[in-house]
Structures are given as C-alpha cells and as structure tokens.
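Report on one structure; see the data block that follows.
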Amino acid sequence: MRDDGKRISMLTAYDFPTAEVLDEAGIDVLLVGDSLGMVVQGRDTTLQVTMDQMIYHAEMVARAAKRAMVVVDLPFPEGQLEIIRSIESSARVLQETNAHAVKLEGGAEQADRIAAIVTAGIPVMAHVGLRPQNVHVDGGYRVQRDAQSLVNDAQAAEKAGAFAVLVECVPVEIGKQINDAVSVPTIGIGAGPHLTGQVLVTNDMIGFHSGYSPKFVRKLGDVRTAIADAAKAYADAISDGSFPSEDESF
Ligand code: KIV
Ligand code: NA
C-alpha cells in the first residue's frame, strides 16, 4: 500500500463482534493491542496484561477478520527477556490464533530480537516513540522529541526486518522525518499526518470510554451514550411493565 501511495487504516480490536464490524467496514489492519489492559480490563497501564490474555483476545479477533491483517502485541515483559522466549511467545500467536504478525515495543535496542523473530518466520511490526510499557521509566506518557534516536530506532527496526513501524506520540516534523527515513510502512498515533497510516484505540474513537482521552484521539462515535440510553430504556420498560410484551413472550 505504501508503494501504491495508499494510506493504511488500523484500529484496535479485542473481541469477535467488534473485529467483525471493523473488518466489514474496510479497516486494513486490526491490532489486538495490550491497550486492552486499560480499555477492557480498566487498569491504569498496560503492564499487567499477560501472554495468555493476549492469545485469548487475539484468537477471537483473528477468527472474525475475513480480510484485514491482524497484528498482536507482545505484552510486557515478553520483549525484554531472553530472545528465545520472544520467539516462543510470537510463535504462540501464529499457532494458537489465526493472526498474521506480532508487534513489539522498541527499535534499535530491540533490533536483534526483531531479526530473530522475523528469521523464525514471524512478521514483526516495531513500535517506536512513546512506548507505554516504559511508562514508569519515562515517568508518564510523554511526547517523544529526540529526533535522532527516533529515526535511528525506525531505521534499525527496518534493517532488522520489521515489515512496518508504528510511531507513537512524536511532533509532526519528526513523524515526517521517520517516514522519510524508512521504506516500510509507518503507522502513526499522535504522530501527525505524514505517515503511511494511522491507528487509534477503537474504544477512544467510538466514545466507549469514561476517562481521559488524549489530544490525538478523534472521537467519531458515542457508544457509551448509546449503551446508557439502551440500558435506561430497558430498565424503564421493566419497571413500567411494558417489557416483555406479548410478542416477546411464548
Ligand atoms: O496497545 C495498543 O493499542 C497500541 C497502540 C499503538 C494503539 O499499541
Ligand atoms: Na500496545
């Protein structure tokens, strides 16, 4: 798609019905993100998500996807332990789900690991810029501004064999520099318009969220209100005796 000048659309998915609807809507890539720790499990960070949980969600999403590519996050600390463990965990994704690739937070420091996973036959998307699994070392979720090391990360990932590079929370100009520095597709989140594609956390984009929403989110739906309205109408219909009606009874 990059070679054809086409922009890539990517969204997160964590369950069968959501993945089915996004796939049918024509989204190019579904990401089973470890963001599920925050938006599904209601935690403050992604750090508690386990490999078994990623497999559980990835299996449902990949079974629903008929045409989209499905990418699965390696959760903390799968990308930090022995390289053999990263290969084993990545292999689980391809063996226990129908997903196509894994995503790994890191760039230059992770290059050997990316190369080893790709050599094992497992496509890797690298994730540079803000790395949520690094939140405690960084002291929060911050825009990343070191252009030199960000470009270096993206180039190292490409050289190691990554098929794409996700770029999170960098200034517009650095997003452009990174995109220009590599030939594989770049997927941005909070990284400006000059990338090959864009990704958002679906729950943020559809308004299925009660908490803080970052500046880079475009809220295009209000699912939270839709569910609340339906729930209230249901409770009202029970209390006023109109549910179930004769048509809804045997
Ligand atoms: O876990 C996630 O959802 C991500 C994003 C970049 C959207 O990694
Ligand atoms: Na993630």
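Residue numbering: from 1, along the chain as shown.
Keep in mind that glycine also has a Cβ here, set from the backbone N, Cα and C atoms.
Listed features, source TrEMBL:
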- Glu168: active site, proton acceptor (ACT_SITE)
- Asp34, Asp73, Glu105: Mg(2+) binding site (BINDING)
- Asp34, Ser35, Asp73, Lys103: 3-methyl-2-oxobutanoate binding site (BINDING)
Filtered binding-site residues, from Ser35, Asp73, Glu105, whose Cβ is under 6 Å from an atom of ligand 1: Ser35, Asp73
Cβ under 6 Å from ligand 2: qualifying recorded positions of Asp34, Asp73, Lys103, Glu105, Glu168: Asp34, Asp73
Closest of Asp34, Asp73, Glu168 to Lys103 (3-methyl-2-oxobutanoate binding site), Cα positions, recorded positions only: Asp73
Cβ within 8 Å of the mean position of the Cβ atoms of Asp34, Ser35, Asp73, Lys103: remaining residues of the chain near 3-methyl-2-oxobutanoate: Thr12, Leu31, Val32, Gly33, Leu36, Thr46, Val49, Met54, Val72, Leu74, Pro75, His127
Asp73 (Mg(2+) binding site) and Ser35 (3-methyl-2-oxobutanoate binding site), Cα-Cα, nearest whole angstrom: 9
Local Cβ density at Ser35 (3-methyl-2-oxobutanoate binding site) - other Cβ atoms counted within 10 Å: 20
For the residue listed as 'active site, proton acceptor', the one of Asp34, Asp73, Glu105 that lies nearest, given that the binding-site residues are compared by Cα: Glu105
Which of Asp34, Asp73, Glu105, Glu168, all recorded positions, has a Cβ with the fewest other Cβ atoms inside 10 Å: Glu168
Neighbour tally for Lys103 (3-methyl-2-oxobutanoate binding site), based on other Cβ positions within 10 Å of its Cβ: 24
Helix, strand or coil at Asp73 (Mg(2+) binding site) [DSSP, three-state]: strand
